[in-house]
Each structure stands twice: as C-alpha cells, then as structure tokens.
Amino acid sequence: MLPRMLKMKTVGTVLAVIWLFGLAFIYVQSTSSSLRPPGRHPPPLPQLDPLIPQNPPQNDEIRPKKSAPPIPTINLAEDTTIHERTEKDVTWKTFDVEKFLNKGKWHQGEDKYKANSFNQEASDALNPTRKIPDSREPQCRDVDYSKVGMQPTTVIITYHNEARSSLLRTVFSVFNQSPEELLLEIVLVDDNSQDVEIGKELAQIQRITVLRNNQREGLIRSRVKGAQVARAPVLTFLDSHIECNQKWLEPLLARIAENPKAVVAPIIDVINVDNFNYVGASADLRGGFDWTLVFRWEFMNEQLRKERHAHPTAPIRSPTMAGGLFAISKEWFNELGTYDLDMEVWGGENLEMSFRVWQCGGSLEIMPCSRVGHVFRKKHPYTFPGGSGNVFQKNTRRAAEVWMDEYKAIYLKNVPSARFVNFGDITDRLAIRDRLQCKSFKWYLENVYPQLEIPRKTPGKSFQMKIGNLCLDSMARKESEAPGLFGCHGTGGNQEWVFDQLTKTFKNAISQLCLDFSSNTENKTVTMVKCENLRPDTMVVEKNGWLTQGGKCLTVNQGSGGDWLIYGAHCELNNGAQRWIFEKLDTYE
C-alpha cells in the first residue's frame with residue numbers, strides 16, 4: 001500500500017512542476033512584446049503622404065480600425081435599363097446632329113420657358129460646338145500639367161426631361177474640351193424622362209453609356225448608379241445644362257493626382273437663362289451656407305482674397321460645394337459612403353457631402369483654372385415626388401442628425417417644421433462616421449469655416465408650456481399685452497419660452513418679452529413686459545408643474561365667453577389649472 005502511495009505522490013509532483021512551467025511560458029509569451037532586448041526596435045511605420053490629411057490618434061491612444069460597412073449600392077438589374085449600341089462606327093463628330101435636334105425643337109407659338117425654365121428658342125439656335133470666351137485668369141494659361149501623372153475620368157451626367165439642344169451641347173463640350181487620353185467615357189443616366197428616345201440615340205455614340213431609370217429616382221440615386229458602372233479611377237459629376245471651357249479637366253485631375261482625398265470643383269461661370277450668353281464668374285467666390293442649411297455663394301474676406309491673388313492658380317479651400325459639378329477619386333467616393341441613398345431626389349446632398357469630406361479627412365477645393373458654364377434656372381421645371389419643401393427638409397434633417405452634433409439645434413430653431421420630418425434610419429450613415437473616425441462639427445466650424453457666424457447660445461432652458469392640448473403662446477403680441485393659449489405645434493417660435501435661472505425671468509424666445517403676473521392684485525391678467533422692468537423672482541417648479549412669481553402661480557381658466565384667462569393666483573397643490581407640463585425644446589446650449 002505504501003509504495004503505491006509514494007508512486008502517486010511522485011506523479012502528482014511531476015504534474016505540478018509541468019503546470020508551473022506552462023504558466024511561466026504563457027506569461028513570458030504575453031509580455032515579450034513589451035520586453036524587447038536593448039537595441040531591438042519595432043519595424044518602421046509606413047511613410048504617410050504629406051498631401052493627404054491624416055487623422056492622428058488623440059490623447060496618445062491608438063484606436064482600432066473599424067470594419068467597413070458595405071458601400072451603398074443599387075441593384076441595377078431590378079430597375080435600370082442599359083441602352084444597346086446598335087451602330088458601331090458613330091463618334092461624336094459623325095453623329096447626325098440635325099436629325100437628333102429636330103425631334104425636340106421648340107416651335108413657334110409655344111412657351112419658350114415652360115418645358116425647361118430657360119429660353120429653349122435661344123438654346124436651340126446655338127451650335128452644339130459653339131465657341132465660348134476663355135474666362136480663365138491669364139496665369140492659368142501658363143500652367144503645365146504634362147508632368148503630372150493624371151488618371152482618366154468617367155464623366156457622369158444625369159438628366160430628367162432635359163432639352164435635346166442643351167443636353168447635346170453639354171455632351172459635345174465634354175468631348176471637345178477634354179484630352180482624349182483623360183476622358184475614358186461619358187455615362188448618361190436618364191432619370192425616367194418622358195422622351196426615352198433621347199437616351200437610345202445618344203447611346204450610339206462611342207464612349208457613351210446610357211442608363212435609364214425605369215422609375216423616377218432623383219439625382220442622388222442616379223449618380224450612384226452612374227458611379228457603379230463607371231470604369232475610370234476618377235469620377236466627374238456634371239449637370240445636364242453646362243458647357244466646359246478650355247482645359248477645364250486637367251486642373252481637376254492634376255489636383256486629385258496630388259491629393260487623392262481632395263474633392264475638386266471648377267469655378268462655375270454663368271450661362272444666361274434668357275439669351276444663353278456666357279459670362280465669367282468671379283474667382284473670389286466660395287461655397288458657404290446659412291443655418292437653414294441652404295447653400296450660398298459668398299465672397300471671400302479681405303485676408304482670403306489677398307492670399308488667393310498672391311497665388312491665383314492655387315486651389316481655393318471651400319467650406320461647401322454647390323454639388324452639381326465636381327470630381328472625386330472613385331476609391332475615395334466609395335470609402336466615404338458614396339451618397340446617402342435615403343435622401344430623396346435633390347437638395348441638401350451637397351452640404352451633407354461637404355461636411356462628410358471635411359470631417360472625415362478630405363478637403364473640398366475650387367480649382368481656379370478650371371471653368372465650366374452652367375445655366376442657373378430660377379425655378380425647377382420638374383416636380384419633386386412628395387413636394388420640394390418636404391424633400392429638402394428630410395434631406396437636410398438627415399445631414400444635421402449625422403454630422404452637426406449639438407449644432408443641429410441651431411438648424412432646428414431656424415427651420416422648426418423640420419422637427420416633425422420623418423428622416424428615416426441613419427444607422428448606416430453614423431456607422432460611416434464612426435468607421436472613418438471623423439471629426440466633430442465643432443472642429444469643422446473652427447478649422448474650415450470660422451467665418452460663419454454662430455448664434456449666441458441661449459441663456460437658460462427652453463420650454464414649451466402645455467396644459468392639456470394647449471400651449472402658452474405669445475400670439476405675436478406686443479409689450480403690455482397678454483399672451484394666449486393655442487394648439488401645441490412643437491415648432492417653438494411664439495410657443496418657445498426661456499427660463500433664465502441667473503436672472504430668474506421667463507421670456508418668449510421670439511419677442512424677448514417676459515411674463516409679469518407678480519401684481520398684488522389677485523387674479524390680475526398676466527402681461528408681457530421688458531425683462532429689465534421686472535423684479536427677478538420667477539421660478540419653475542417642475543415637480544408641481546408650477547410657474548411662480550411674487551408668491552403666485554400662473555393659472556388658467558375659461559371665461560364665460562369661452563376665452564381663456566391667464567393670470568396669477570394663490571398656489572394650490574391640487575389645482576389642475578396651475579399644473580403645467582414643461583416640455584424641453586432642443587436648443588443650442
């Protein structure tokens with residue numbers, strides 16, 4: 001029995017030793033990366049292209065690379081027709097122009113502006129290869145692009161019920177003004193135009209591919225379709241009523257060759273909507289926006305103008321782009337998430353892409369030596385499914401939700417009806433922002449657009465005061481007049497009230513007048529007065545639903561004539577006429 005016990009003890013000892021050696025081995029392996037012998041160094045980091053904006057780790061913390069969400073794409077087989085080329089030897093120079101134009105000419109007695117919101121008679125009278133004035137600055141004519149390793153481009157043009165004459169002039173100007181080796185192809189996307197034959201006829205021209213949407217898709221999804229079939233490494237998006245000027249393409253492609261994360265646009269000259277005269281635009285303009293998220297052109301300030309005039313051929317940093325005409329590396333376009341496919345038709349996508357490019361490590365630039373003329377129409381000749389106002393609010397609301405952080409409250413204050421827009425699911429767009437480790441909107445305002453005036457922060461908390469289904473409303477009344485009650489609409493405005501804890505005042509956000517019901521007279525009607533004339537003793541007691549002033553509570557009762565009376569009365573815990581619901585509104589705080 002004893003030998004057997006000794007034998008078992010020996011085996012146990014051996015197993016224990018093996019176990020201890022195993023633990024030691026695991027520990028050494030796990031710590032070896034941080035215990036390198038002297039003289040041994042980690043492999044060098046790859047060199048970063050100094051021209052490409054980088055996202056350095058913050059606070060010495062290396063963030064892991066996020067997995068990429070799928071590139072937003074559209075199933076072309078389901079809802080798109082690609083027109084066949086049945087004639088093999090047609091070039092843009094041998095295309096039967098007269099036959100093509102005669103099928104859509106304006107006729108005497110017809111409204112010249114109805115179909116296109118520009119003078120079609122004037123457009124039809126022009127030669128499709130007319131000469132336009134060289135609007136470039138003199139220094140641009142001396143720039144040599146021959147030593148820059150430029151990649152070719154696919155030009156993508158979407159159109160919907162475009163006049164044949166303006167569309168053909170657009171296509172011919174691209175061919176005529178672009179070096180053949182840099183223009184791989186033109187992709188036309190017909191967004192379900194009434195005249196299907198336009199696309200079929202243009203598809204016969206070599207180096208043109210024509211897609212037709214089987215239903216109306218809008219510019220955004222049409223452009224993504226065009227990008228999906230594009231074969232060139234650079235995408236150039238153009239509108240369907242433009243004319244390219246001399247050497248318009250080289251500055252765009254050269255800049256992308258230097259900086260693949262630059263999104264570049266030409267200076268957009270003006271083609272007069274009435275007579276089609278070509279007018280050169282100022283090079284001192286750049287893109288901006290206001291807090292309703294409407295794009296606007298703005299003149300550079302004096303400092304920026306001095307810098308531009310000192311380097312007249314250099315790229316112009318622009319906070320936003322108009323969106324109709326720009327070039328981008330296809331790889332960068334896909335990495336950025338193409339377009340937001342849940343936006344509708346047109347509008348707001350240019351600001352969304354502008355924010356995305358800047359905040360995610362790219363740059364947005366206007367190339368002063370690239371000029372393209374554009375017909376700026378005063379109104380849209382086509383309808384927007386769902387209405388143009390609703391479409392624009394949905395699109396801009398999506399942009400604000402994804403990119404503007406706390407500053408979206410400024411947008412919502414300026415466009416209060418946007419609060420009620422169903423903007424859909426933005427999960428995929430937020431995932432793109434997270435994956436690319438994009439910067440904040442605060443960074444964008446400070447580093448890209450410091451010239452934009454930011455509204456002063458609201459001092460205090462903003463409320464909508466509800467009692468039942470009615471809200472306290474200033475009714476746009478003046479000083480010494482009484483506010484009223486009105487159906488709650490949730491859009492702020494006359495129903496937005498601001499409680500300032502510091503000054504102990506309760507004022508209307510629009511009129512800036514304060515509520516006054518502190519009179520010693522019981523049941524005295526509340527009035528609105530200048531805040532500086534009011535004793536600071538207003539308090540919000542949310543748990544009771546009270547708004548108090550001078551020991552009285554704001555009270556509501558309905559008079560004999562059905563009118564609502566609002567006054568100060570002795571506070572009573574069980575008085576429902578004094579129990580307000582303070583609904584906090586989004587504000588920039």
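For all residues, glycine too, the Cβ spot is worked out from N, Cα and C.
Annotation comment: Swiss-Prot describes 12-31 as transmembrane segment, evidence class sequence analysis. According to Swiss-Prot, the disulfide bond annotation covers C140-C369, C360-C438, C471-C488, C514-C531, C553-C571, on the basis of sequence analysis. Annotated region 'Catalytic subdomain A' per Swiss-Prot: 150-255, in sequence order. If you look up Swiss-Prot, you'll see D191, R216, S240, W346, R377, H380, Y382 marked as substrate binding site, on the strength of similarity to another entry. What Swiss-Prot lists as Mn(2+) binding site is D239, H241, H374. Residues annotated as region 'Catalytic subdomain B' in Swiss-Prot: 315-377. What Swiss-Prot records for 458-589 is domain 'Ricin B-type lectin', and it gives sequence analysis as the kind of evidence. What Swiss-Prot records for N523 is N-linked glycosylation site, and it gives sequence analysis as the kind of evidence.
Known features from Swiss-Prot, placed on the structure.
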residue : record                 : CB count, 10 Å
D239    : Mn(2+) binding site    : 20
S240    : substrate binding site : 22
H241    : Mn(2+) binding site    : 27
W346    : substrate binding site : 23
C360    : disulfide bond         : 22
R377    : substrate binding site : 13
C438    : disulfide bond         : 23
C471    : disulfide bond         : 24
C514    : disulfide bond         : 24
C571    : disulfide bond         : 16
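Residues S166, T170, L238, S240, I242, I271, G324, L325, G373, V375, F376 surround the recorded Mn(2+) site, their Cβ atoms falling within 8 Å of the Cβ centroid of D239, H241, H374, which are themselves excluded. According to DSSP, C471 (disulfide bond) sits within a strand segment. Comparing the disulfide-bonded residues C140, C369, C488, C531, C553 by how many other C-beta atoms lie within 10 angstroms of each C-beta, the top residue is C369. Between the candidate binding-site residues, R216, H374, the densest Cβ environment within 10 Å is the one around H374. In sequence order, T158, Y159, H160, N213, R216, E217, G218, L219, S222 are the residues near D191 (substrate binding site), counting only same-chain partners six or more apart with C-beta under 8 A. With DSSP states grouped into helix (H, G, I), strand (E, B) and coil, the region 'Catalytic subdomain B' (315-377) comes out at 17 helix, 21 strand, 25 coil.
C531 (disulfide bond) sits 18 Å from C553 (disulfide bond), taking the C-alpha atoms as the reference points.
For the region 'Catalytic subdomain A' (150-255), the DSSP-based tally of helix, strand and coil residues reads 38 helix, 30 strand, 38 coil. W346 (substrate binding site) and C438 (disulfide bond) are 25 Å apart (CA-CA, integer value). In three-state terms derived from DSSP, C140 (disulfide bond) belongs to a helical segment. The DSSP breakdown of the domain 'Ricin B-type lectin' (458-589), given as helix, strand and coil counts, is 9 helix, 58 strand, 65 coil. The closest partner of D239 (Mn(2+) binding site) among the disulfide-bonded residues, by CA position, is C514; the full candidate set was C514, C553, C571.
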